[in-house]
Each structure stands twice: as C-alpha cells, then as structure tokens.
Amino acid sequence: MSGQHQITEQSSRNPLSRVSTLLPEKPLSPTSTYAGTQKHPEAPRQSSFLIQLQNIRNAIRKPMAEFFGVALLIIFGAGSACQVVLSTNPDVASSARGSFLSINFGWAIGIAMGVWVSGGISGGHINPAITIAMATYRGFPWRKVPSYILAQVLGGVVGAGLVYANYIHAIDIFEGGHHIRTQATASLFATYALPYMTQASCFFSEFLATAVLSMMVFALTDKRNHSPTNGLLPFALFILFVGLGASLGMETAYALNPARDFGPRLFLAMAGYGKALFNYRSQYWLWAPIIAPVLGAQAGGLLYDTFLNDGDNSPIKWRCASSQEHQLAEVV
C-alpha cells in the first residue's frame, strides 16, 4: 500500500503523467482525430485542386509572360501616340502634348518594360517575328511557337483595349462623335503607310527595319560578343528602338512586330472600325506588318550567323569550324 501510495503521489506531482493519460496508446491514422472521427472529406480535394492550379500556372507561365510583355508594349506605345495626336485638338487639350519623338520614346519604353517583365521567364521575345527567328537559329522549340504567338497577339488585343478605354472620350471628341470611327484614330493603334509609299516600298521599309532589329537582338544576346548583362538588355533595346523610330519610323509607322499591329487591329475591328481595317491597300495588314517583319527577322538572323556569330548555337556551323581552324593555325 505504501508503494502504491508513493506511485500515486509521484504521479500527482509530475504534470507530464497527467498529459500522458490524455494521449492515445496507438498512433493516429492520417484521417483520424482524437475523437475517432474522420477529417473533412474536402481536405484531399482542396489539396488536389491547388496542385492542379499550380500545374496550370506552370504550363501557362511563359506564354503569360509574353502576353503581359506585349500588353505593356502597346500601353506605352499606343498610349503615347494617343496622347500626342489627340491633344492636337483644342477641345481635347489646351496645347499639344508631345511630338513624333515622344511617340518614339513611348514605343522604346514599351519594348524595354515588356522585356523586363518577361525576359527572365519566357526570354522576352514579345514579337512573333523574333520568336520564329529564335526557333530557326537558336533552337527555340517549334512546339512552343504557336502558344507564344497566340499569347503575343492576345496581349496586343488587351493592351489596345486598355488604351482605347482610357482615351475613349478624347477619341469621341477628336472624331466628332461617339459612333464615328475613322483611320485618323485607327492609326493610333495599328500601322498605316504614308500615301505616297508604293506597295514595294512599304514592304521593304518593314523588312529592312525588322532585319536590323533581329540582327541587333542576336548581337545583344550573343555571349561571345560584347553583349550586355541580362538586366541591361532592355535598356539596350530601348536605345535600339529610339534609333529605329528616329531613322526608319516615318513611312510605315514601323510595326516590326506582327503582334504589335495585328493585335490592336483585331481590337479595332471589335470596337466598330469596320472592314476598312483589312481592306486598306489590298490587305496591307497581312503583307506589310506581318509577312515583311517575319522575313526581315529571318534575314537579320541569317546575316548575323553567317558573318558574325562564332559560336555553336546556330545551324550555320561552318563559321564556327572555320574560326577554330584559324585559332589552331595561329597557335601552331
């Protein structure tokens, strides 16, 4: 009895002994509780649902980066065009807000911001012509090209829609009425050539400017050349676009990017601008701001890889082999 009394007294003095009497003797199963009931059946479903959402996010993350990159490009570029042109109407603003150079800076800032947003995620193509050129010369997977281009075009649609919504009252005043929509304001979003330009001249202007753009993109991303660090690449593209706008931008409004023209043009069609968007100059929308930039980007990439690229990241391998033989000859 005295031994039993000592055990009872020690148990009463040790608080852990009381806690231990509350714990179950056997380990709990993952779906059981202390009361022996099941967990809420929705818990596994919620976990599975979150995993599915994460998988979807991972699958669309790169195309979404392209989407937001192009949307930003249009917001800055078309937004600057709207501000400069619409402000020339005295009923919209007391004085003009900018010049053609302001529009050049707007598009240049747009390309820089778009690449900063998307560059570390998707590569920052934000241009179907560049995406196709990267697939041709830099091993970008062709299976990803359709999703990138779709995202880029949709980004152009949404970006144009946001700018249009922001300036809709100024557009109404500029056009002279809510239901009046003409090329005068359509040209703030989509590209149109100057009246004296021939079809061949329009094509050549877009081809040339995009070839320069593509060659510079390949140079700026060539680690064997004096390429900037990844964080400074958008700034280099900013300088490039200011130069392109200042030198080759007047005649066709320098699309250089199928998504930059076709996306906003699709939005304008939905906004009531009519068939003239696509009938202009015998389907100008197709051969000038789409086909010419795609071919120009191919030409720029071909020229860079043929004459300047010395690496093994191009399908044009003979330049690399020739350079290695030359270096070996110098050593010997």
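Each position is counted from 1, following the chain as shown.
Cβ atoms here come from the backbone N, Cα and C positions, even for glycine.
Swiss-Prot assigns Ile60 and Thr229 to topological domains of the same name, so the membrane does not separate them in that record. The transmembrane segment (67-87) and the transmembrane segment (200-220) are not in contact, since fewer than 3 Cβ pairs between them lie under 8 Å (pairs 6 or more apart in sequence). Looking at which of 101-121, 145-165, 200-220, 284-304 has the most CB pairs under 8 Å to the transmembrane segment (231-251), the answer is the stretch 101-121. Residues 62-64, 66-75, 78-79, 82, 122, 125-128, 131-132, 135, 171, 189, 258-264, 266-268, 271 of the same chain sit 6 or more residues outside the transmembrane segment (145-165) yet have a Cβ under 8 Å from a Cβ within it.
Long-range contacts of the topological domain 'Cytoplasmic' (221-230) within the same chain: residues 119-120, 236, 304, 308-311, each at least 6 residues beyond the stretch ends and with a Cβ under 8 Å from a Cβ of the stretch. Outside the topological domain 'Cytoplasmic' (122-144), and at least 6 residues removed from its termini, the chain residues within Cβ reach (under 8 Å) are 61-63, 65-66, 69-70, 73, 111, 114-116, 152-153, 155, 210, 213-214, 217-218, 233-234, 256-260, 293-294, 296-298, 300-302, 305, 313-316. Break the topological domain 'Cytoplasmic' (122-144) down by DSSP state and the numbers are 14 helix, 0 strand, 9 coil.
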